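A.B. asks: Sending over a structure as structure tokens; questions will come in a sec.
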């Protein structure tokens with residue numbers, strides 16, 4: 001699933017969703033320009049809440065009642081993990097969604113299911129997942145049971161539904177026989193709710209007419225909301241899906257139909273579509289959709305049918321064409337990368353109007369937010385285009401790694417999502433070879449997640465399976481550690497093995513475990529096998545020994561270099577060095593570290609730092625004017641610190657001839673010094689000194705690292721006297737960059753060609769406007785005024801729209817806000833709507849922001865999938881932050897009920913609204929908020945709340961210790 005997804009990855013609307021660590025370097029400068037570049041973290045993966053069921057759509061006709069919700073651990077149905085007594089082999093599922101409400105105003109679906117399973121251990125009960133389903137009586141019971149292949153089924157004594165653990169329990173009068181097969185039939189009805197989970201409905205307007213479709217989101221634990229099933233990833237089976245649907249609509253599922261749809265004998269206006277049997281697969285990868293969508297399609301040379309589906313108006317305007325163009329090359333790339341053909345005969349990808357994740361890798365039928373699949377050359381920015389190709393690559397990577405070979409349990413989710421988050425850059429780079437996408441993983445994944453992983457409240461990539469049980473616990477695993485740290489350490493592993501060797505090991509892993517389940521050690525073993533079958537690459541330790549230190553303990557090291565002696569030392573890096581690390585590590589927070597380096601521009605031999613606190617090697621010893629720089633291209637997941645003299649020589653090199661240091665490492669110098677200063681390892685003035693060369697810099701990555709790093713200063717000081725001198729300094733530094741792009745674009749009439757140039761143009765304009773460059777304000781006013789004169793013909797180049805919209809709203813009043821609101825309400829282009837919706841949060845008028853906050857409670861105004869993002873946008877505004885905080889406190893119960901348990905984005909809301917907290921009063925407020933809402937709970941935001949408390953304390957301390965030095969530095973350097 002995409003984050004970003006998931007992550008995501010990734011994928012993007014708001015800078016604020018990246019602001020997840022108190023003294024991080026990844027908070028984007030403003031709500032505008034990061035929209036064009038970063039992955040939409042709030043659209044990362046989710047699963048549905050586990051609260052009590054909604055009102056039943058039908059009255060049950062069952063002989064037994066729902067079980068009490070108190071758990072007695074001696075009873076197997078009170079354990080969240082399924083017993084190993086029964087193993088499914090196949091399902092036959094028929095579903096009929098009703099896309100008009102019933103007499104009670106509810107949308108419902110009816111279904112029937114037959115599951116075949118084998119008894120592996122003698123048992124007198126069947127425990128199967130079921131959630132919010134009402135069963136129709138079959139011979140006096142909720143289900144019927146029969147033997148297969150000559151076995152006799154025991155009689156059913158009673159059945160019960162256990163709400164807390166989401167089980168249907170069938171008590172039998174006699175035990176099932178070991179190695180015998182059985183089939184269980186059921187008929188049921190459920191609500192086709194708009195809750196974005198399980199089998200749900202999505203609504204949209206086409207040509208002024210309301211339309212309803214039925215779709216699915218099963219990951220992680222919501223297939224059970226659609227039909228009774230053994231809903232764990234290791235419980236693989238085949239599935240025969242049949243959909244009964246209105247004859248004017250199209251039915252889709254993981255597989256192609258067996259043949260044409262046929263009329264439903266009971267009602268001629270309905271059709272029946274029966275799909276081919278799936279391969280052996282996990283329940284969370286199932287998908288089925290009923291809609292009036294249209295498609296564009298093509299066949300690959302290997303005869304795989306590719307189809308892109310979306311609303312008819314979007315397809316008629318060609319918005320699916322870019323996705324179709326890149327899907328074939330990406331599938332071809334991964335087939336060769338994995339040395340394994342694409343496992344299915346078709347690849348459907350569909351853009352949904354309502355979808356809580358960024359995308360979901362359902363096998364053969366990938367579902368997306370519209371913004372992650374559709375691209376309009378007339379209104380979409382380069383960031384929108386990058387999002388489409390990277391999210392497609394992420395989801396198609398899963399078709400092998402995740403779908404063909406699947407994790408045993410959710411505690412190893414990091415391997416599934418981290419792998420896809422790494423290779424998405426490789427697949428997208430193949431589809432767009434001129435974009436240099438592989439470099440952007442450093443900014444989008446490595447630096448983003450370091451901000452979280454440097455907290456004492458972080459967690460290891462891999463946890464014991466026993467620590468991940470409930471749906472809420474599973475949901476918490478879908479975080480930036482799993483996605484971005486997973487990607488970062490796998491990239492590091494691929495780098496020191498070499499990509500070719502890494503690919504050989506992965507191919508062997510996929511060939512061995514096709515249609516099976518694995519744990520992360522299985523991958524290590526196959527990489528070790530690949531290593532052992534060649535002699536060119538030698539490691540001083542096994543893959544297992546190296547990598548376990550990176551995945552079984554949280555955090556990462558800072559490597560400190562003393563260039564006078566050549567000594568290297570390592571230490572667990574914490575943004576707050578006084579924070580209390582309560583999680584023990586059997587490796588004592590020491591790592592085996594791959595070290596690459598250059599000395600005065602010349603690359604040196606590779607070096608392995610053992611898991612010792614201190615070592616010495618002359619590679620890192622300098623004399624005279626020599627300087628040394630570690631972690632080339634930031635392939636290693638660690639920070640680097642140097643003695644003061646070496647830092648000074650690096651800064652001198654940057655200010656005299658910056659081209660000697662690679663672009664990525666110019667970004668690294670800025671990023672690392674700011675993180676080190678945050679942790680009080682180096683003076684804050686050293687970090688600020690690393691930005692002095694920027695008046696000569698025109699490359700994207702160093703500027704992005706600087707703006708992200710300085711955005712923390714903005715958060716801490718935009719309510720204090722420091723902000724004035726800070727604005728003056730940044731205005732001085734960015735003016736040459738603004739002038740550079742003004743020149744190369746012929747006064748903004750042309751556009752840069754490369755991806756990173758376009759991103760840096762966005763940086764230049766956004767930063768110049770934020771910090772008061774007069775020509776930028778004039779540019780914004782002129783472009784916005786031209787648009788208002790003719791709203792049907794927007795003259796603003798898509799890359800600059802977020803910046804122009806936001807600044808126009810900030811400079812204007814009610815009239816400007818209402819104009820943008822009307823454009824938002826009327827546009828059918830999702831990427832344009834996202835830009836407008838974010839910009840509406842830029843108002844500087846309190847009453848307008850409060851009105852906008854109230855709109856988030858009305859799904860007619862703001863879609864449910866966009867509520868968290870909208871609240872986060874408002875919170876990113878220095879004026880809106882306190883308003884959003886008050887609103888969230890007042891509406892916590894409703895927000896929690898709607899988003900709290902299953903939404904990855906919910907944690908981002910807590911992070912966004914608290915990221916400016918830097919006073920004792922705000923800390924007290926946060927602690928009181930926690931105390932006041934213990935009964936309601938915090939769901940998937942629980943860990944984020946603890947991190948917010950930790951970050952607030954760190955912010956208070958940092959501001960107290962650094963405010964005067966920062967104020968003095970900006971005053972001295974802003975002239």
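Just so it is clear, glycine is given a Cβ too, placed from its N, Cα and C backbone atoms.
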A.B. asks: Swiss-Prot tags one of 92, 271 as N-linked glycosylation site; which one?
C.D. replies: 271
A.B. asks: Of the residues 345, 747, give the one that Swiss-Prot describes as N-linked glycosylation site.
C.D. replies: 747
A.B. asks: Have a look through 370, 417, 432 and flag the one Swiss-Prot assigns to the Zn(2+) site that 394, 398 belong to.
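C.D. replies: My reading of Swiss-Prot gives 417 as the candidate in that site.
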A.B. asks: What does DSSP call residue 271 (N-linked glycosylation site) in the simple three-state scheme?
C.D. replies: strand
A.B. asks: Identify, among the binding-site residues 359, 360, the residue whose Cβ has the fewest other Cβ atoms within 10 Å in this structure.
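C.D. replies: Among the binding-site residues 359, 360, the lowest count of other Cβ atoms within 10 Å belongs to 360.
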A.B. asks: What whole-number Å value do you get for the CA-CA distance of residue 533 (N-linked glycosylation site) and residue 398 (Zn(2+) binding site)?
C.D. replies: 27
A.B. asks: According to DSSP, which of helix, strand or coil covers residue 182 (sulfotyrosine)?
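C.D. replies: In three-state terms, residue 182 (sulfotyrosine) counts as strand.
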A.B. asks: Calculate the per-residue pLDDT averaged over the topological domain 'Extracellular' (33-975) and state the result as an integer.
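C.D. replies: It averages 92.
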A.B. asks: Looking only at C-alpha atoms, tell me how far residue 580 (N-linked glycosylation site) is from residue 417 (Zn(2+) binding site), rounded to the nearest Å.
C.D. replies: 29
A.B. asks: Quick one: which of these recorded positions, 271, 362, 633, have their CA within 10 A of residue 398 (Zn(2+) binding site)?
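C.D. replies: Correct set: 362.
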A.B. asks: Please report the Cα separation of residue 633 (N-linked glycosylation site) and residue 360 (substrate binding site) in Å, rounded to an integer.
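C.D. replies: With distance taken Cα to Cα, residue 360 (substrate binding site) is 31 Å from residue 633 (N-linked glycosylation site).
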